[in-house]
């Protein structure tokens, strides 16, 4: 029973340390918005604005 309690305590402590390390402001440039991957931030998909000057406009197909 003592061994199981020790394992639970170690597991909880490791989770607390991991959460504290992720939320530390020294690791991230902006502490309010942590990034999931420190080396490569996930790119945000933004559709390009479409400027059509000709009648057969390809943007009409993209807009729903």
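Using N, Cα and C of the backbone, Cβ positions are placed for all residues, glycine too.
Owing to the predicted nature of the structure, the values given are computational and were not obtained by experimental measurement.
The signal peptide annotation in Swiss-Prot covers 1-25. As annotated by Swiss-Prot, region 'Disordered' applies to 22-43. Sequence annotations record features per position, and here Swiss-Prot assigns compositional bias 'Pro residues' to 31-43. The feature disulfide bond is assigned by Swiss-Prot to 50-59, 52-57, with experimental evidence given as support.
For residue 57 (disulfide bond), the Cβ neighbour count at a 10 Å cut-off comes to 13, with all displayed protein chains included. Cα spacing between residue 59 (disulfide bond) and residue 52 (disulfide bond): 7 Å, rounded to the nearest whole number. A distance of 9 Å separates the Cα atom of residue 57 (disulfide bond) from that of residue 50 (disulfide bond).
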